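Following this message is one structure expressed as structure tokens.
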Amino acid sequence: MATSTEDYDVIVIGGGPAGENAAAYAIAGSDRTAAIIEHELLGGECSYWACMPSKALLRPAEVLAAARAMPGVREAVGDAMLDRRAVFARRDEFTSHHDDSGQRRWATSAGIEVIHGSAALTGERTVELSTGGHGDPPTRTLRARHAVVLATGTIASIPPVPGLREALPWISRDATNLREVPERVAIIGGGVVATECATWMLALGVRELTLIVRGSALLASAEPFAGELVAESLRASGATVLFGTSPGAVRREQPRDTGEGRIHGGPVTITLDGSEPGEITVDEVIVAAGRHPATSGLGLAAVGLSDGRTPTDDRLAVTGVPGEWLYAVGDVNGRAALTHMGKYQGRVCGDVIAARAEGRALDGARFTASADHAQVPQVVFTSPEVASVGRTEHAARADGIDVETVEIDIAVAGSSLARDDFAGRAKLVIDRGTDTLVGATFVGTEVAELVHAATVAVVGAVPMESLWHAVPSYPTVSEVWLRLLEARRG
Ligand SMILES: Cc1cc2nc3c(=O)[nH]c(=O)nc-3n(C[C@H](O)[C@H](O)[C@H](O)COP(=O)(O)OP(=O)(O)OC[C@H]3O[C@@H](n4cnc5c(N)ncnc54)[C@H](O)[C@@H]3O)c2cc1C
Ligand SMILES: NC(=O)c1ccc[n+]([C@@H]2O[C@H](COP(=O)([O-])OP(=O)(O)OC[C@H]3O[C@@H](n4cnc5c(N)ncnc54)[C@H](O)[C@@H]3O)[C@@H](O)[C@H]2O)c1
């Protein structure tokens, strides 16, 4: 097929949240042109297979638990289970039934052209597009006057366990877009996807759920009490959590590709290394064992990057590629694999591209992605939730910071009013040298909204002495801040 060459000011490969923000910020208020090349749905993993559907599945369970924890409401609700059909219908509304026309309308209104296809770099500022799949002959060549931004995200990793890939296991895409609820489920992994997925699976009525965790803790990069409280809660909801255990081999009777979110064949038997029982049989196995950058077929070798990695400087320019024309934002660059951080990087990167295109100096904090290093907030929407920002005590000590910590149970007047079963823990990590907060973790019901106050304190380097004057309203869950400061005073 004949190819044509088209010029844009900015070309973004990958239309997830990070790429969308980079494109919009790079051309905002100018007459520059931008194209986003996307081979699936504009909006990326987050909108259709990750954040949106997972949180839409978790929220109804949280609301039901809150109702059960409130006298007067508990009696009204009784012991009814979630209505799966209604939960799935709301989930499908949130994923727009996998129709990206709303996002495309937004792109058009922002002046961005969306091109369907798979893109690969072929040299400096040059991208080839195949409108079929990867490996199909290119149909168009695009050239970028100012910048190419890589925003291709990540792909679920399947560990090389004999028989696992052949068993057609579920990955997170199936678990978030489930159409059928398997009776017996095994989840491989003990990280964020595994624990959130276990939470909604149990709420939807899975009868037997086993977490196969090779390490000794859930959510291993969080403060240790976070994983302990989540494990305790999952066990209380009927889960079996096997630590120090790996799948040795997997066999499935009649694996069948029945489609996303449908049970992929007959029962699956998993041999377990490191745990009794030595074998379990389930109706579906879910792999939640991490993700790797989506760089296959992206042509990194054509610009001198050969190991599938796109490390960046704090301007989001890919290091080792001269000329300040290649950038990487979002999950693909490995800085902080979260939607809000990818969008933040997109904003910084877009501002940098705009300033360089206009010959402006990169003066000011907005041109440096400083928050990626040790100021990253995250909420894990398990029950209890885990909300954190910055460094854990362990990470701070590993970075050579002389820290002091405060840790308390978080039942305060506001929280006990919020619900009868409010429980959890909070911890602050304080740099003794500067007397500022470098990390905070809250574990409890509905603590997600607590963490932004800590993020402001960490990013603003607010002295602990000043926090004393940030008085929490009474009666709110935020009173936990006062209790933490009092505990520090002793
Ligand atoms: C189950 C699950 C739940 C999650 N929940 C949360 C959450 O609650 N909060 C949170 O902050 N984060 C969450 N995350 C992480 C979040 O989904 C990612 O951080 C986010 O999607 C990254 O955005 P991105 O734009 O970098 O990449 P993506 O969203 O992955 O988008 C990349 C896009 O690039 C396209 N693409 C790839 N290669 C090419 C190519 N060669 N040519 C053209 N297009 C290409 C892909 O089709 C895709 O649309 C979750 C992840 C999972 C798996
Ligand atoms: N609420 C949120 O913010 C949210 C929710 C879901 C996912 N995410 C993001 O998505 C990304 C992916 O999450 P994830 O849970 O897949 O990754 P993860 O890195 O959090 O956890 C991976 C788990 O799999 C285990 N594992 C890895 N390789 C294995 C192997 N070969 N055999 C057995 N176990 C193995 C690890 O020990 C770990 O327990 C993360 O960056 C996460 O932050 C965020």
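Here the Cβ of each residue, glycine as well, is placed from N, Cα and C on the backbone.
Pulled from TrEMBL, these are the listed features:
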DOMAIN    8-346  domain 'FAD/NAD(P)-binding'
DISULFID  CYS46-CYS51  disulfide bond
BINDING   LYS55, ASP331  FAD binding site
BINDING   GLY189, GLY190, GLY191, VAL192, VAL193, ALA194, THR195, GLU196, GLY290  NAD(+) binding site
DOMAIN    376-481  domain 'Pyridine nucleotide-disulphide oxidoreductase dimerisation'
Can you tell me how far the Cα of ASP331 (FAD binding site) sits from the Cα of CYS46 (disulfide bond), in Å?
11
What does DSSP assign GLY191 (NAD(+) binding site), in three states?
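The residue in question, GLY191 (NAD(+) binding site), is coil (DSSP, three-state).
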Can you list which of the recorded positions CYS46, CYS51, VAL193, GLY290, ASP331 have their Cβ under 6 Å from some atom of ligand 1?
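Result: CYS46, CYS51, VAL193, ASP331.
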Which of the binding-site residues LYS55, GLY189, GLY191, VAL193, ASP331 have a Cβ less than 6 Å from any atom of ligand 2?
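Once distances to ligand 2 are taken from each Cβ, GLY189, GLY191, VAL193 fall under 6 Å.
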I'm checking region-level scores; what's the whole-number mean pLDDT for the domain 'Pyridine nucleotide-disulphide oxidoreductase dimerisation' (376-481)?
95
Could you give the number of helix, strand and coil residues in the domain 'Pyridine nucleotide-disulphide oxidoreductase dimerisation' (376-481) as assigned by DSSP?
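Counting residues per DSSP class in the domain 'Pyridine nucleotide-disulphide oxidoreductase dimerisation' (376-481), I get 33 helix, 35 strand, 38 coil.
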What is the biggest Cα to Cα gap, in Å, among GLY189, GLY190, GLY191, VAL192, VAL193, ALA194, THR195, GLU196, GLY290, the residues listed as binding NAD(+)?
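For the residues that bind NAD(+), the greatest Cα distance is 14 Å.
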Let me make sure I understand the structure: which of the binding-site residues listed (GLY189, GLY191, GLY290) has the fewest other Cβ atoms within 10 A of its Cβ?
GLY290
Given VAL193 (NAD(+) binding site) and CYS46 (disulfide bond), what distance in Å do their CA atoms have, once rounded to a whole number?
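Approximately 13 Å lies between the Cα of VAL193 (NAD(+) binding site) and that of CYS46 (disulfide bond).
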Between the Cα atoms of CYS46 (disulfide bond) and GLY191 (NAD(+) binding site), what distance do you get, rounded to the nearest Å?
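CYS46 (disulfide bond) and GLY191 (NAD(+) binding site) have their Cα atoms 17 Å apart.
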Indicate the candidate from CYS51, VAL193 with the smallest number of other Cβ atoms within 10 Å of its Cβ, considering only these recorded positions.
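Relative to the other recorded positions in CYS51, VAL193, CYS51 has the fewest Cβ atoms within 10 Å.
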Enter the number of other CB atoms within 10 angstroms of the CB of LYS55 (FAD binding site).
18
Counting only residues 6+ apart in the same chain, whose Cβ is under 8 Å from the Cβ of THR195 (NAD(+) binding site)?
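Result: LEU211, LEU218, LEU219, VAL230, LEU234, VAL380, THR382.
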Given the recorded positions CYS46, ASP331, which one's Cβ is surrounded by the fewest other Cβ atoms within 10 Å?
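Minimum Cβ neighbour count within 10 Å, taken over the recorded positions CYS46, ASP331, occurs at CYS46.
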I'm trying to understand the geometry here, so how far is the Cα atom of LYS55 (FAD binding site) from the Cα atom of GLY290 (NAD(+) binding site), in Å to the nearest whole number?
19
